[in-house]
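One structure, as structure tokens, below. Some questions next.
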Amino acid sequence: MLNVDKLIIGFDNALRTLLAPAATLRPIPGKDLPENELSKIEKRESAALMRINHVGEVCAQALYQGQALTARNEQVRQALDQAAREETEHLAWTERRIAELGGHKSFLNPLWYGGSFALGLVAGVLGDKWNLGFLAETERQVEAHLADHLQRLPHQDVRSRAIVSQMKVDEACHATMAVSYGGGPLPVPIKAVMKFSSGIMTRTAYWV
């Protein structure tokens with residue numbers, strides 16, 4: 001159930017996600033790999049793809065926080081909080097890599113965060129089965145996007161590829177976690193709407 005304390009925590013998390021540099025406990029994947037020379041076109045492509053991935057992590061943070069605020073089972077809420085902390089590392093990795101590539105984060109991050117937070121709240125209100133099912137499907141779709149990006153990233157951009165590869169592993173673990181806690185399958189129409197919405201986000205974030 002929502003209360004003032006939870007709302008304050010949620011607002012604080014939003015400010016940290018959108019304004020503060022993200023922190024990571026694990027070493028950044030690929031940090032010891034060489035920074036191979038990229039052409040201007042390759043560097044721009046890598047930066048755009050990493051910007052999309054950063055937006056995905058902003059959305060994941062918002063989604064997890066919204067779901068955790070309305071989760072009915074304490075064990076589920078704690079699992080969501082833990083997953084959100086792990087996603088913070090992805091924020092740090094992609095943020096750092098975007099800077100290294102000379103790119104910029106999406107100017108629409110507040111919009112992405114707000115929309116995803118609202119979805120998380122709604123999913124949580126529907127009950128933990130749907131809450132976790134929505135989470136599992138989200139992570140599966142994110143994992144698919146990351147697999148696509150591994151195909152599109154320049155082969156010699158080994159640092160970006162290392163980050164995306166580890167993120168893909170982590171997202172698969174989060175999907176498995178959601179199912180293990182009781183997440184149910186979503187109706188096909190909902191999956192289709194999620195995929196359509198995700199497509200709009202990725203195409204927009206590629207540029208802005």
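Including glycine, each Cβ sits where the backbone N, Cα and C put it.
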Select one of GLU74, GLU100, GLU137, GLU139: the residue that Swiss-Prot places in the Fe cation 2 site alongside GLU87, GLU171, HIS174.
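Of GLU74, GLU100, GLU137, GLU139, GLU139 joins GLU87, GLU171, HIS174 in the Fe cation 2 site that Swiss-Prot records.
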Compute the C-alpha separation of HIS174 (Fe cation 2 binding site) from GLU57 (Fe cation 1 binding site), stating it in Å without decimals.
13
Three states by DSSP: which one describes GLU139 (Fe cation 2 binding site)?
helix
Between HIS90 (Fe cation 1 binding site) and GLU139 (Fe cation 2 binding site), how far is it from one CA atom to the other, in Å?
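Cα-Cα, rounded: 13 Å.
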